[in-house]
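Please read the structure below before turning to the comments.
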Amino acid sequence: MPLYKRKPFPLAERPKDLKPQERVFQVRFTKEIFRDYGEYLNRINLYRQRIWTCKVTAKTNLTFEEALVSEKHATEKVQRFPKELVVPVLRDVQFSMLTLKDLANKIATKLQEQLSEGTELYGKRNNRVYPCKIIKVLAEEAGRTQYEVAWLDKEKKMTENAVVNGEDLVRKKLPFTRDVLKSFIRESTYRSVPWVLHDKLASKYGISTDPPEELRCNFSFQDGRVVRNRKRNRKEEVSKEELRKCKSKKMGNGKPEPWIPGEIAEDKLKKEPIKYPIDDILVQPTSDDPVFTERPSLSRDFQIPMDCVGDLLMIWDFCSSFSRLLHLWPFSLEDFEHALCHKDSNLIVIAESHSAILRLLIKDDRNYTTSIQKKKRKPKITLVTWAEYLCDFLEMIGDADLSNYITTVRRGHYGLLDIHAKLGIFRELVAQALTTNLMREKLDECIEQRQELAATRRGEALEEGRQRREDKELRKAEYDGKEIKGRSLKSVENSSNSFENGNHSRQNGDVADKWNKNALSPRGKHAVTNRKQADTLAKSNGKQHNMDAKAALENVKDSSKKGVQKLVRDDGKEAMERSNEQRKEYLEREMEKRFIRTNSLGKDRYHNRYWFFKRDGRIFIESSDSAQWGYYSTKEELDAFVGSLNRKGERERALKKQLEMYYDKICLEMLKRSKEVAHKIAMEEAVVRRSTRVRAPPRENPALAFLKYVNKWKED
């Protein structure tokens, strides 16, 4: 039985006083029976979580059913464990305190070195090696062990006995691996460290169940249970007053806080904040939650039984997804459902669907082609002969249940078959079609094209990122250029100020010259020299000022031109961004066209699955046990459902993300379907009004639109 948190999980007891006609719910793989659907659903959800461990192999992260399968396979391997080695291995396992790995290594080494009775190996005889079997282990003589062996012939029959030494025996590899040995140990015990054998197994092989004396001090063995003895805590023997004096704990402010065992202050009971998202079942409502809308009720107006809805969707999705490969004109899900429920045996949509898949099997040139060639049938299937080819297919697969319908189909009464039989035949056809070489080539082509489109999208995204970085660097360079130009204009202003100061100083120099006109002292000569240098500097500053003014004027003209260029560049940038967005949308559409299979959108808190098919404007809901189906078909229902999802749960968070991603597309399909439904209702009312005056032909009724189906892609 699989382990839950390393412990055996008890199954639910069978309800008492069950009545023969009482409706109950049974778990398929455990045979548990529940009267309440909620309890049954909770148990199913628990079994589907990856929290189970295989008891035999110790594999973790399995569902309950996967753990059962793992235990079954491992048990089959354990049952092939050599019988002659069971007793010595179990004796070494009983009450061992080693870990599983060390215990397995110890036993394997011991079996490799010490040979036991019944072991088959090779022995040396007349300088040659012959197969033999150990009959008895004799006593050691002079530190050497001797064995009585029986020589074996080619058919492994014992011919004669002999006594050989241990060094004359050629040891073979163990007939099992260490993993098998570990599985055997787990299967044989109910407790680890110390390892304790099952009582029935120990009594069967005469192995003692009395624990050794050293284990009795640490463990209690009572009523088939092993309990570790708890040692008395020394801190509990000390009084609280003494502990207050000698034990203390440092607080954040540096003050000692008395430590008392068993007592926790209320301010210490601070729960750690929960990190969302978590498992949806563990989410509890809080005050900061948004207002969730009420989940809308599901529509369940299917024409077929509830247990057939899954097969119906699978078959229709296959025919729609591979319609071009099958040369089958697409048809709506409602038309396919109505056609399956119709009693007419010669419906075009049914005949063409069967014929398209059968033609694919003929092209594959394998078993089905061989079977029709033996019956000398033509490779071309028509609307008249399709039933005969279908009977040949049913005979080929040899299914006992479906073979019962061959006579009915051959007589031309396909429409009288039960809906389960029709979907069962379709299901086998689809299963055979998926194994054909043509289908595999198509799938490989789709995968390759999707990979190429994905690589193109990644390359364009990298190029776009590189372009953005270059634009950013260009803008940065322009910004730095503007700063430099601003500094140059400021230098022009400073030079003009210096020019004015130079003129002013020259005027002052003239006055001083007049005042010192007759002065010939060295001081006067020095002043004249300074005045000449000042005049020269003023003239040079004036020329520089004129040059800077011209440069500033040219910079203004260049900036105006660059402003126009920037506007043009911005317009081009916007156009480029629009073009990139259109390119991304195109690549997304092309990748969606090449999706191989339809995956579910996700699960809600109750593990219900949600499906959206590209050619049907509805969201289908499958219950966790696949027994119930429903759907949403309007935008209002979709909005209400999205508003009811809680992002704190792992499943509903992922589901809401998927719904938001495809929201526009789903709403568009729902709007299209609503218009078609409204149009059909209006047409039906018109037919009813007209039929009150003149009897209208039945094919004008929109509900019978499937009768007008024509395969426009039919092969010649």
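Residue numbers in this text run from 1 along the chain shown.
Cβ from N, Cα, C; glycine included.
Keep in mind it's a predicted model, so treat the numbers as computed, not measured.
Features of the protein shown, as given by TrEMBL:
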COMPBIAS  234-245  compositional bias 'Basic and acidic residues'
COMPBIAS  455-486  compositional bias 'Basic and acidic residues'
COMPBIAS  491-508  compositional bias 'Polar residues'
DOMAIN    22-127  domain 'WAC'
DOMAIN    306-367  domain 'DDT'
REGION    231-261  region 'Disordered'
REGION    455-545  region 'Disordered'
Task: DSSP residue counts for the domain 'DDT' (306-367), split into helix, strand and coil - done: 47 helix, 0 strand, 15 coil
- [ ] Could you tell me how many residues in the domain 'WAC' (22-127) are helical, how many are strand and how many are coil under DSSP?
- [x] 53 helix, 13 strand, 40 coil
Task: Segment confidence, the domain 'DDT' (306-367), expressed as mean pLDDT - done: 92
